[in-house]
Amino acid sequence: MNEKAFKRRKLHSILFFLLIIGVAFISAYMTDFNLVEGMATIPTALIWMAENLIITTDTLAKLPKILEKLNETIFMSIAATTIAAAISLFLGIAGSTTTAVNGFFSTLARLIASFARNIPVVAWALILLLSFGQNSITGFLALFVGTVGFLTRAFIESIDEAGSSAYEALTATGATYFQVVGKAIIPQCLPQMISWILFMIETNIRSATLVGILTGTGIGYAFDLYYKMLDYQAVALITLLIVAAVIIIELASNHIRRVIL
Amino acid sequence: MSLLQVKDLNKSYQTDTKVLKNINFSAGTGEFLSVIGPSGAGKSTLLRCINRLVQADKGEILFGGQDLLKLRKKELRAARTNIGMIFQHYNLVPRLTVIENVLHGRFGYKSTLQGVLGRFSEEEKERAFYLLEKLGIEAHAYKRCDQLSGGQQQRVGICRALIQNPKLILCDEPIASLDPHSSKVIMDHLKSISEEMGITCIVNLHQVEVAQSYSDRIIGLNNGSIVFDGSNFQLDQLYIKRVYGMETRELITV
Ligand SMILES: Nc1ncnc2c1ncn2[C@@H]1O[C@H](COP(=O)(O)OP(=O)(O)OP(=O)(O)O)[C@@H](O)[C@H]1O
Ligand SMILES: [Mg+2]
């Protein structure tokens with residue numbers, strides 16, 4: 001690269017940097033966001049948290065009930081993810097260019113995936129609330145739809161990445177479509193798919209809390225209830241339990257990943 | 001009568017450019033046939049038209065008395081069991097073991113369900129081990145393919161083709177990703193397959209000298225047309241120039 005091009009490149013990055021700063025200022029101005037004022041509230045907020053979010057023995061008495069709700073949420077997340085994974089497997093196979101049966105199904109699968117994925121889970125929950133009402137089915141469906149969208153997309157990419165080489169080779173031997181998919185494509189992609197499924201279980205436990213607040217189920221319901229009762233100690237306990245649950249699940253899935261990959 | 005007869009084969013991917021133009025040739029039982037030609041000449045397309053991984057536009061491919069281009073799905077599947085294929089990049093399933101990859105060559109003979117469930121008879125397994133032994137890789141039978149060297153993977157590819165009991169093996173640049181030593185091992189195996197087992201081999205090659213030292217016959221392809229078809233003795237400087245448009249000593253980098 002010559003001197004001139006190098007200088008131009010440097011100029012470009014400086015301009016880009018200035019542009020970012022400019023955009024930050026404009027958006028802060030437009031939203032009335034004041035960094036200094038925002039910073040000033042931090043100490044007060046911390047003091048409030050220290051005073052109100054202390055867990056006492058009183059709170060611990062509520063533990064069994066809270067744990068029951070947490071269980072409900074965890075199992076709902078796992079159920080929604082695994083059922084969604086089964087559907088996504090079919091959509092992923094139909095959607096990948098390597099294994100596409102025909103163009104129509106391939107486009108359809110991709111369309112379903114991007115439609116389901118690009119609407120946030122919370123929005124799905126709100127939409128489904130209208131038709132299914134406040135119950136666990138709504139929460140389940142909201143997680144399910146979002147997961148199908150994400151996993152289909154991930155599976156399509158895994159299959160594409162695994163490549164068409166073995167597909168081509170087995171087709172040439174006279175193998176049928178399902179033999180090739182079942183014995184070459186899926187075995188090759190399985191570890192990656194499982195890894196995505198585990199990731200989705202983690203994500204869904206987090207989302208399930210939020211969805212639960214909206215649909216009045218699981219740990220989200222408990223959170224909402226104690227929050228409205230101004231029982232902030234219980235709220236703190238719930239938050240801690242959610243964090244603990246997510247960390248445990250994450251550790252477990254990391255372990256599984258290490259074994260299968 | 002020859003095992004394979006290609007008549008007036010034409011193929012174009014886009015409407016305006018013809019990749020294969022009126023290809024005519026035949027191959028006898030047990031013949032070792034090399035196809036040489038510059039990059040983009042249409043060698044891979046020609047091989048893939050034969051087992052219909054690529055759909056030809058026009059022509060006839062007579063194989064054992066059948067026109068392959070006229071076959072429907074089921075008949076095509078049966079015909080494909082008689083045609084093995086070996087690839088430059090081996091095209092194995094990397095995460096599966098060697099023995100599993102070899103047994104994949106039997107799917108053509110099985111119902112979908114038998115295949116998906118992985119039901120293989122004792123004879124098939126014995127045959128798989130016999131072939132691995134023949135190619136000198138029986139020690140790796142239970143290793144995953146991605147742990148093998150290129151030359152070893154290509155031998156797995158050959159086993160997978162042989163377990164089909166094929167009459168014809170198509171090889172698309174089988175040694176293009178290998179070092180000289182492994183290349184020689186692979187070419188020697190292919191040669192003995194055609195000589196001892198009477199299996200016809202059609203091999204796409206980049207190296208003219210390799211083609212000359214192994215083949216019974218050489219076909220030179222340039223720009224979609226056959227510009228040479230004869231024995232390796234007949235392929236002299238003049239023809240090499242016709243095939244590649246240059247002299248052999250300029251071909252060293254190819
Ligand atoms: N799937 C495809 N779609 C469109 N064009 C293709 C396709 N495959 C090959 N071609 C074109 O057809 C021509 C012949 O390709 P082919 O792969 O048969 O050549 P080749 O002789 O095997 O070359 P190489 O020695 O590089 O492998 C090339 O011009 C290539 O661009
Ligand atoms: Mg090629």
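Cβ atoms here come from the backbone N, Cα and C positions, even for glycine.
Since we're looking at a predicted model, the values are computed, not measured.
Over in TrEMBL, the protein carries these features:
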type	residues	note
TRANSMEM	A:12-30	transmembrane segment
TRANSMEM	A:42-61	transmembrane segment
DOMAIN	A:70-253	domain 'ABC transmembrane type-1'
TRANSMEM	A:73-95	transmembrane segment
TRANSMEM	A:107-130	transmembrane segment
TRANSMEM	A:137-156	transmembrane segment
TRANSMEM	A:176-201	transmembrane segment
TRANSMEM	A:208-227	transmembrane segment
TRANSMEM	A:233-252	transmembrane segment
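Under the criterion of 3 or more C-beta pairs below 8 Å, with sequence separation of 6 or more, the transmembrane segment (A:176-201) and the transmembrane segment (A:137-156) qualify as touching.
Taking Cβ pairs closer than 8 Å, the transmembrane segment (A:208-227) reaches residues 65-66, 69-70, 72-74, 76-77, 121-122, 125-126, 129, 134-136, 138-139, 142-143, 234-235, 238-239, 241-242 in its own chain, all 6 or more past its ends. Of the candidate ranges A:42-61, A:107-130, A:137-156, A:42-61 contributes the most Cβ pairs within a distance under 8 Å of the transmembrane segment (A:233-252).
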